[in-house]
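Quick look at what TrEMBL lists:
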type	residues	note
BINDING	His173	chlorophyll a ChlzD1 binding site
BINDING	Tyr181	pheophytin a binding site
BINDING	Asp225, Glu244, His387, Glu388, Asp397, Ala399	[CaMn4O5] cluster binding site
BINDING	His253	chlorophyll a PD1 binding site
BINDING	His270, His327	Fe cation binding site
BINDING	His270, Ser319, Phe320	quinone binding site
SITE	Tyr216	site 'Tyrosine radical intermediate'
SITE	His245	site 'Stabilizes free radical intermediate'
TRANSMEM	84-110	transmembrane segment
TRANSMEM	166-184	transmembrane segment
TRANSMEM	196-216	transmembrane segment
TRANSMEM	253-273	transmembrane segment
TRANSMEM	328-350	transmembrane segment
Amino acid sequence: MLSPSTVYISKLNYFTENNQKIDTRRNVNSCYIYEDRQETNLPDSFLTNYRTHKKMTTTLQQRSSANVWDRFCEWITSTENRIYIGWFGVLMIPTLLAATTCFIIAFIAAPPVDIDGIREPVAGSLIYGNNIISGAVVPSSNAIGLHFYPIWEAASLDEWLYNGGPYQLVIFHFLIGCACYLGRQWELSYRLGMRPWICVAYSAPLASATAVFLIYPIGQGSFSDGMPLGISGTFNFMIVFQAEHNILMHPFHMLGVAGVFGGSLFSAMHGSLVTSSLVRETTETESLNYGYKFGQEEETYNIVAAHGYFGRLIFQYASFNNSRQLHFLLAAWPVIGIWFTALGVSTMAFNLNGFNFNQSIIDSQGRVIGTWADVINRANLGMEVMHERNAHNFPLDLAAGDVAPVALTAPAING
């Protein structure tokens, strides 16, 4: 019996085994002609056309015997595969596999890493006493700085592990893999004739990951300042970032908060409105979900009813009457917000920090009137003196200030 993908030629038309005509432009590269047709019920006109166009048949038979590279290219770019690979996938798959494998092994079994470069290793793996919450792949040592540190640059595997080599291996492969995932999204959209905005939306989380794993360490001069690959490590990164850069007072971070929280609000509003205005297609004893059939042409909810409800709940022009405008906003709002956050982290990487309103309000006598900005400043100093306590004698802000004299005159020495 012939396979379901077998295609037959009748003049310039192509037919499947079910005698359904298919588009010649999309399938011409995967056509195969078979001499044995006894088990099929082809149209009577087919055999005549087949003999008449024997030359065309011969040409297509040569296509099936193309060289290995051509068949490989066709398989890589085929949209008929269960999971699309694509040329970006050729690079994405090995890099993400390498990053994932190294991350899992390091999270479970990596020895402590001298993150600050002061011979005080920090343990991050499970077998060294951590749990899922406290565990992490610890960033590479401050002694390495921004040097590229692959395994072959270390004198031994023990040295590579001690200096945090797995961190660089993971983040470099991870960022390359994620960038290829974005390219693969565009590639699949292109081959299916879709618009390219899916990969544009994905660029927001990709920009964020690039900011904390690559741009920020470059700006600070060491990969030891990159975000650790763990839950508590992420929180530590956030606290230290606030202490050193005052990110909560940066306008781009504020836009990111509005984007994430606003996107969550809009998502909840949209989902609840649609769910509340579904067109009833089932009985009381059936689930509403059975009222939708995949691929159906008619709308599954009443957008007019949803518009009317929301327009009366708030006011008329707060409700969208255009589904395309609505879904564009749902996509654009969080994406633009996260873009701004990534941009903010990338600028603070080079110490263009958040607003500083410390001691901005004073009375007529010159005394400081405390504000919330001063409370944040005091909290920042507290967080700053707690982190890397053995690497710094003073917080950076205090060390960079004017020297305060301890005594105005030298004590007299009698003796």
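The backbone N, Cα and C atoms fix where each Cβ goes, glycine too.
Within 8 Å of the Cβ centroid of the quinone site, not counting the listed residues His270, Ser319, Phe320, the chain contributes Met269, Leu273, Ala306, His307, Phe310, Leu326. Among the listed binding-site residues, namely His173, His270, His327, His387, the Cβ with the most fellow Cβ atoms inside 10 Å is that of His173. Residue environment of His253 (chlorophyll a PD1 binding site) contains 23 other Cβ atoms, counted within 10 Å of its Cβ in all protein chains. In sequence order, Tyr216 are the recorded positions from Tyr216, Ser319, Phe320 with a C-alpha within 10 Å of the C-alpha of Asp225 ([CaMn4O5] cluster binding site). Counted over all residue pairs in His270, Ser319, Phe320, the record's binders of quinone, the longest Cα to Cα distance measures 11 angstrom. According to DSSP, Phe320 (quinone binding site) is assigned to coil rather than to any helix or strand. Here Glu388 ([CaMn4O5] cluster binding site) is positioned 46 angstrom away from His270 (Fe cation binding site), judged by their C-alpha atoms.
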